[in-house]
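First up is the structure itself, then whatever we jot down about it.
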Amino acid sequence: MNASPPRILQIQSDLRLESNDRSPLVGLDALRAWSAVAVVVLHASVPYARPAMPGLDWSVTDTPSDTISILFWAIEVVIMPIFLVIAGFLAARSMARSGAMATMKSRLRRWGIPLLLATVVLIPAELYIWLLGWLAEGHITPRKMQSLKFDEQQSANLWGLSHLWFLQYIMTYVVLLSLVWNRLASISVARLQFRVLPLAVVAGVAMLTVHPEVVWGFQHSFLPVFSKWFYSALFFFGGAIWWRCDPRLEALARQGDRMLAVSGLFWVASVGFGIWFLSQPSTDLIVRASLALVTVAAASGLTYALIGTSLHHVVRLSPITQRLASASLMIYLVHHPVVGLAHITAKYAAADVPVWLKVGVVSVLGVGVGVGVDHLIVSHRERRRVKSQTDDRSVLPIGLPTPVPADTRGIRAA
């Protein structure tokens, strides 16, 4: 693609160090691109996951699938930590280059405008898509779609920012990072590595022990939920601290493959343990602490392992990956209502279609609409840019005659 998307639609427009795709950090672009696809697959799997995610009311429920359930929870454990660590790393890198205040203002503008537009346009559309599904399943009456008055449980799980919570949270993290930036920059690397990062792991385990629903559930609200905000902040600031320790991620790139094997074991353990825990909820402190420990180990270990592996192996983006990376924010913004509507259609118009095929088709639709909308925006912006340049060249100064070149052939002959 020759054109780049508008700045307000680039969640990580400063990802590459140079102007081409041979940047030492190009692997982050690849990881971010396919992680955006994984988010769509995660949401495409919701109606078929059993046990269902507590606190998450979807547009419909459909035929359960053990395979899709494992896929859903496997993605859920690690997907948001990946985005949070990358966002924290790049925010710290930008603050070191451009200053804390300049970075904060840039990030708030870049993320705040899409959040505002999506809240005004997409959230109302998503609301009525969900109500349409609930109406089809007999959970509400047609009158409820007009009055918007529901029972307590439905209201608790219906009202909120939906998937847009991520933008809201990282905006608060960037503000906080800008406030503590000078202090962070003054702490020695050794202290960050051997004190701060281990304490962050302990804090994450403690928070999940008390509130396992942070990962093994959904907390829906228009304002940040502290437990979810705190747990997510650990990964964002973990990325910022990692920049202080290894600004070019060279050590991580060398160790990524080895970390992948170990963290993968924790990943498998956390998914199996988590599904069991949801099937047989327990208040036992040892059980909850054990689940929290393997979940944090899987989420943090696999996040850094995937970053390192991507940096080590990806030296150039394929055209598909480059397109997905460019459209990643738009995919994130628009896929949710598309997926919810597609699930309603799949349940009632394709009841006999295998679950795995439904998930695949819905995922392609969610990604495709995001890429398509991004392409339309980029194309429109490029046409406006070309038109502006053409108009500028066509304007001549008023009142000045166009000079006529003199015929100098006779002078030379003389």
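Placement of Cβ uses the backbone N, Cα and C atoms for every residue, glycine included.
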Matching range for TrEMBL feature annotation, transmembrane segment, among 192-209, 210-227: 192-209
Winner by Cβ pairs under 8 Å against the transmembrane segment (229-247), considering only 70-92, 156-180, 329-349: 70-92
Segment-segment contact (the transmembrane segment (70-92); the transmembrane segment (156-180)) at 3 or more Cβ pairs under 8 Å: yes
